[in-house]
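Take a look at the structure below.
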Amino acid sequence: MSPSAEATVGSDGPRQKGKATPDSLKVGCIAQVVKDGQPRRAEILSIKETKSGRQFYCNFDNFNKRLDEWVPVARIDFDQDVEWPNPEKDKQKDAKAKKTAVVPKKAPSKKAQKKVAKRDRELSVASDGQTPHPWTEFTESQRNKGDDADDKVNASLEIGGGTPDMGPDEMELDEDETPAGAAKKEREERAPSFSRVEEIEKLRTSGSMTQNPAEISRIRNISKVEFGRYVLFPWYFSPYPECFNQEDTIYIDEFCLSYFGDLKSFARHRQKCTLQHPPGNEIYRDEAVSFFEIDGRRQRTWCRNLCLISKMFLDHKTLYYDVDPFLFYVMTKRDQFGNHLIGYFSKEKESTDGYNVACILTLPQYQRQGYGRLLIQFSYELSKIEGKLGSPEKPLSDLGLLSYRQYWSENIVDLLLTNSERDERVTIEYIATQLSMTTQDVEHTLQALRMQVYHKGEHKIVVPEKLIKQREKSKTKQKRLIDPDRIQWKPPVFTASNRTWGW
């Protein structure tokens, strides 16, 4: 946290200050709470009673919401004045709630209901068309895709260049003077403004790509998890049974993923549990990791427990019960005790949108070690075997988006430079086919890296010197990679009863 950073909690106006006690401290108060050995300003969002005593859920000033945590009374400095909630604000909220109270109305006729339903459908279609894409530049290029399709087929590649300069005999056409340019300008005026600075600030403070206040504001219910030899501190709410909210620590078996509220029950379970690897088929193994394929319909309990774990670290995940329509690909590392869970991704057995990943997660203790890239690469290797173009399901979490952007960028630049050495021309469709990526993902990556330009009547792909140097530098680093020859897998075929519930 920067000392000069602007306060993000309690910024709704001046507040009354005064002394507080553990009993008088309430939701909405701002107190000094010890974090990382230093007292920091934090807002109390919730209070609960646990077996070890009362705990307060704190949102720390200028910290990512992932770092919100339950703290005991001992970490709150009651010698310092506490900022009390503004009573005037609460009164305004109550008055507003009374004003917006709805008076019961007479039920509308069937004819009126039909008219309303038709109007709602029209509004829904209109709103879908106006929803801004997270990557605005990419959508603008997609809107004119039909007009430019013939030009893109003949896209050429230039290495180490910048944006081409206009020649003396060339006339630069003002884009706004063309019908397409005028339409584009009109759309830009209607669309909400997009600020990269605002996007980064939202990511920093909320840790969420969904920006759904109802989902982000849910209070984390689990304080601490013992998972194998690691102690994990969840980031988000996960729908474990309500009785676990009162526990200081929950214990999860790292092999069968069963969860327990007390150490004695967990120790008794470990003496009886014989599972040492995920309950599925091992489809890949090398010196470092293994991959297991698990059918959500055959292993419902295990897959549901896996989803509960992943929900603690994914704020946008909503599906954790109906696992039947999904396959789970779990990555583990082996030792003398068994196969330890590193991460996983799931995919629909039949995806109408062509997604090759529905949910993807690397457990926190294994993050920033190259395992996320392995998961992404493995999902695309499976797409290559299927002969399909794949893309992850949207929206991605903030960390997932960063991982995919890096993977796409590295592979596209590597392919372009390889083809440049052979003096071969490439198209967006060629890149997509070679990497099993969708053309939308390829074009978005090119746009984000400022590699796609329009010059002399045709689209060109320019690889800047900066990206070439980054590629040379990355070659010197040792990376974890999937060996496609070691994959022992065939695309599964499912009947209608295999895909969903089969009672």
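A Cβ is built for glycine as well, from the same backbone N, Cα and C atoms used for every other residue.
Keep in mind it's a predicted model, so treat the numbers as computed, not measured.
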Practice prompt. Among 1-24, 265-288, find the range that TrEMBL records as region 'Disordered'.
Written response: 1-24
Item to complete: Restricting to the same chain and to sequence separations of six or more, state which residues have a Cβ under 8 Å from that of GLU393 (active site, proton donor/acceptor).
Response: ASP353, TYR355, VAL357, ALA358, CYS359
Fill in: For the domain 'MYST-type HAT' (217-491), mean pLDDT (0 to 100)
91
